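This report refers to the structure that appears directly beneath it.
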């Protein structure tokens, strides 16, 4: 019989919302002695600190559990790493009944890699876990925490190439301490079976055969993407490009940094700081940007973001700002501004002359935007507006030189950075998003001065959110005409229709789209009533 508190009172299916009961401490370690510290925490109590269980795996398992319940994000990168570590330890203690030691920079990187990778490969991992269980019912009724520990073990063995003995031993120990000995035995049996299958190159994966639907199902398992997404990409881009997109989304994300020129810094200044931190970088096609593959945590810890020297921003977003082409003295409104990366970049391009209004329906995100504006020394140029664009345009008579609508979208161009987004999007969401995009475009168009510019952008690679929305808009609004972006971005980003488009597999950056539309100086007859 397990001692009190060592097991679970009932079996909970993963996906449930019941919180695990809080336990008084560790009761199952054979010898606590030097493995447990009772260092007093800042909160004035003595939590048990387990030094025997792999700390980053325990944190990763709890974070994965919280992500599954919709109460956490994937990314652990944080400017306040100590606070982040303290928060994570609090979640670990409440979930497992004990703490591990505080997270150091290396631990945060490991947790980030394991959590993001496990979430990306979830469908692939679950298919294999279910295949290696004695029966499907065992998988379907598996305790949520046990499933996360198995996912971590499978990911480490199959995708991180962690030595098999380490992955097995550490995850077995975690299951025994966090759950009960029987759970550890189960993890041991399944992981050892996996190791044998990997060594003999005989993993039980589905074959890519049959009709289009059957092939898409097999590919969705092998490449760990939703079936609807796989089918849609094959339809729009062809099978080869769909495979390249999925491989890109499953690779480690690449980050770009934009230097804050409004504070007088140059790319050379940023490069010098990166070299001092031994962070490898590549120069970008844009003068204000550099690319980095690794070392983001070092950048954060060195205070480069906190001190306003640079900001994390993908080049694809920077190219959208190039399409806007902010000029000194102009009035610009950013209609869905938060979190504010494009707003800040546009403001820096105004050279202290002009004004930007940042409108967003989310008050909290708008506050973060204004805090960032102050940090970058741009707050005097930016005025925030907390409002729903559709309601705001009914109440205002204001007109602007340029109007940017960076519309809410599926985010299908940023799946490499947003590991969980592929599982949070449904096919039905696209129809709702397209209706919203049309409504916002109609509203944004009323803010454009005669002769002014309307820019529509997304971080999607789906033509129905991009080209088709512009085509439908121009039909509704003949007073607007598309203008080629060829003067504003390099030729390789310009489509045959004159739109801006970045593609992850072609340009090694996030997928994005932007269209530039000019409003006629004269009133166009025949505009549908209520549209303008």
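Glycine residues also receive a Cβ, built from the backbone N, Cα and C atoms like all the rest.
According to TrEMBL, the active site, nucleophile annotation covers 459. If you take the C-beta of residue 459 (active site, nucleophile) and look for same-chain residues 6 or more apart in sequence within under 8 angstroms, you find 316, 317, 409, 411, 413, 414, 510, 511, 512.
The S-adenosyl-L-methionine binding site annotation in TrEMBL covers 336, 337, 338, 339, 340, 341, 342, 360, 388, 406. Shown in sequence order, 358, 360, 362, 365, 366, 368, 369 are the residues of the chain, 6+ apart in sequence, with a C-beta less than 8 angstroms from the C-beta of residue 338 (S-adenosyl-L-methionine binding site).
What TrEMBL records for 245-520 is domain 'SAM-dependent MTase RsmB/NOP-type'.
Annotation comment: TrEMBL describes 1-43 as region 'Disordered'.
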Which ones in the same chain are close to residue 342 (S-adenosyl-L-methionine binding site), with CB under 8 Å and 6+ residues apart in sequence? 317, 320, 321, 324, 334, 404, 406
List nothing but the largest Cα to Cα distance in Å, as a whole number, among the residues 336, 337, 338, 339, 340, 341, 342, 360, 388, 406 that the record says bind S-adenosyl-L-methionine. 20
